[in-house]
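The substrate binding site annotation in TrEMBL covers C:44, C:193. The annotation ATP binding site is assigned in TrEMBL to C:119, C:166.
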């Protein structure tokens with residue numbers, strides 16, 4: 001897999017996939033900038049009057065429930081249904097899963113349209129899985145990785161999705177393997193929405209890559225490596241956000257492969 | 001009071017209060033980043049279906065009417081009612097008070113839920129008070145500080161709130177005293193939404209500090225001092241915005257106390 | 001014309017026109033910052049309950065359909081009708097024209113309120129014109145400048161508007177002439193929303209300048225020159241965005257005139 005990842009990055013730069021985002025108000029700007037920096041082409045659109053048309057011309061769909069409301073949820077359901085019907089890859093970011101009953105209800109409806117890939121932090125992945133088994137324990141924001149991995153496996157099995165857990169170590173779980181990416185830097189958690197950027201980048205890679213596990217791994221790796229390079233130039237979260245975009249844009253194959261820390265277990 | 005302020009900053013960093021923001025589209029991203037930089041944890045949520053639930057798990061609520069509409073106003077009223085009923089601190093930012101009749105109507109409804117703290121510029125504070133007395137003169141964007149202070153006192157008396165007027169000199173007014181903070185730099189007015197960031201930071205401090213006057217003063221002081229430090233590194237508003245976040249994140253007790261310019265009058 | 005442009009920039013800085021933006025969620029923050037950096041005063045407001053009142057106090061209105069939906073379209077129509085009725089300059093940014101049937105329907109309704117100036121990229125201008133003649137060929141994102149210029153001329157004639165096509169070379173077309181601006185840098189396309197910033201700046205200049213062709217040219221020139229100066233300091237799109245705001249703020253008459261590359265044809 002290591003050898004394929006840079007190829008996926010090169011493909012995104014060459015093909016510039018159109019990524020349709022229905023995402024939250026907080027991160028729309030830096031999500032668009034992250035997609036542009038890796039060479040993809042972002043579109044944000046949510047009107048009921050056009051959302052299905054927009055899905056049909058995009059290479060991938062990204063749904064992020066961060067600032068959901070009743071209108072936007074209907075947009076998300078229309079878009080997810082369209083993507084599911086036309087076998088278009090779509091990525092779900094269950095922001096705040098478990099925080100309110102409303103978020104959990106909406107997420108159950110979205111899951112019914114079979115997301116291709118799900119990305120969340122440990123708490124969110126555990127909250128999603130909790131809806132599906134009485135034996136999983138409650139949401140824990142300081143959740144241990146092992147707990148989140150078992151939750152991810154439940155989601156993989158139930159929804160036939162690839163599941164990505166982001167954190168100090170990122171995990172990408174499918175039905176056969178668990179891939180770990182040990183790149184990145186803790187300062188990245190002090191910039192709002194880098195998890196949302198990760199989800200959007202997964203969309204870009206899923207739009208051009210048949211192997212969805214590799215798409216998720218490539219996206220997490222490029223963001224984490226750009227982030228750790230950016231941190232070396234930064235005095236705080238303001239400068240990290242800037243340098244991260246520069247690094248996403250300028251990253252080379254040599255640097256990427258030298259820094260990549262991947263682990264694969266069956 | 002001077003001696004307590006750094007303690008409040010340390011408390012925000014240690015306790016990482018959850019701050020629920022119902023704020024405007026322009027500033028959501030830099031509001032979230034400012035909250036993260038001081039160590040708080042931002043949530044943005046406005047759906048009628050979850051807004052009361054979200055207030056109940058937050059340490060403080062911030063309502064900013066900058067890009068209000070009928071749906072969002074209902075969200076704000078639901079949230080303010082919930083905060084008021086449960087004695088949760090909430091902060092009101094009356095953006096554009098006096099600019100349209102609609103804003104003034106909405107602000108009157110929000111004031112009925114007794115905000116803990118109100119923060120606005122001189123024009124906004126005067127416009128808010130104008131609704132409550134026929135003797136106050138009209139809104140003036142170049143309002144003199146003294147005029148705004150008397151308006152602030154009217155609001156303090158009528159709503160039992162702490163009132164903060166931001167400007168070249170910031171004032172925090174309660175029923176017993178007026179505190180002035182003479183930090184900051186004029187270039188800060190060329191970055192959109194730093195007033196909104198101030199309001200959000202007040203929310204963070206109010207979430208962990210019993211003394212709400214000190215909460216407002218600590219928030220205004222930390223933002224103004226970070227701003228004047230950032231300006232020394234900046235060639236314009238673009239770089240100021242970046243360095244401000246870095247300074248909020250890295251500010252030390254020694255530098256804070258050396259720069260703080262506080263005045264207190266009965 | 002060359003000699004007038006700096007005067008328009010100086011006028012914006014002196015008069016600080018109030019620019020009312022009904023724009024998309026992705027760019028609200030950097031649009032506001034671009035307006036502040038050139039000395040204008042941004043307002044974002046869209047509530048049906050206040051949008052006409054806000055138009056009436058603004059010097060210019062900017063409508064950008066980037067993240068339109070049914071509610072926001074109604075806001076746009078109310079605002080455009082108000083501006084049209086009161087002869088207030090308003091600028092239309094037809095983001096994604098041609099991408100969906102919904103966008104094209106909405107754009108036809110907006111055009112009926114006679115925008116003072118229209119700014120789009122080549123594809124968008126061609127899509128707009130396509131609605132008005134069966135002989136124009138379809139949308140093409142790699143459209144040649146000549147094709148877009150003939151589409152612009154159709155729009156000029158039909159709607160009595162000034163039309164601006166942005167791209168590697170920017171063109172401003174009116175009933176008598178075509179002005180070209182050959183400034184800027186390709187890296188600017190990797191920062192989201194600089195086209196939207198251009199439209200907002202056109203609004204600022206239209207708010208203080210009787211000659212609307214010169215208003216559009218001045219706005220495109222100041223943004224493009226600031227962009228090429230910023231690029232010289234930048235390692236990627238993250239730093240370009242920052243330096244662009246600094247350059248917009250600090251640009252001098254001497255540098256502006258030395259760099260300006262204008263062409264005028266009848």
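One is the number of the first residue shown, and numbering goes on along the chain from there.
Here the Cβ of each residue, glycine as well, is placed from N, Cα and C on the backbone.
Distribution of TrEMBL features across the structure.
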residue : record                 : Cβ within 10 Å
C:44    : substrate binding site : 24
C:119   : ATP binding site       : 31
C:166   : ATP binding site       : 27
C:193   : substrate binding site : 26
- Note on the structure: Integer Å value for the Cα distance linking residue C:166 (ATP binding site) with residue C:193 (substrate binding site) is 12
- Item | Listed binding-site residues (C:119, C:166, C:193) that sit near chain A [CB under 8 A] | C:193
- Listed in sequence order, the binding-site residues from C:44, C:119, C:166, C:193 whose CB sits under 8 Å of a chain B CB are C:44
- One should report the C-alpha separation between residue C:44 (substrate binding site) and residue C:119 (ATP binding site), rounded to whole angstrom, as 19
- Note on the structure: Cα-Cα, residue C:193 (substrate binding site) versus residue C:119 (ATP binding site), nearest Å, comes out at 13
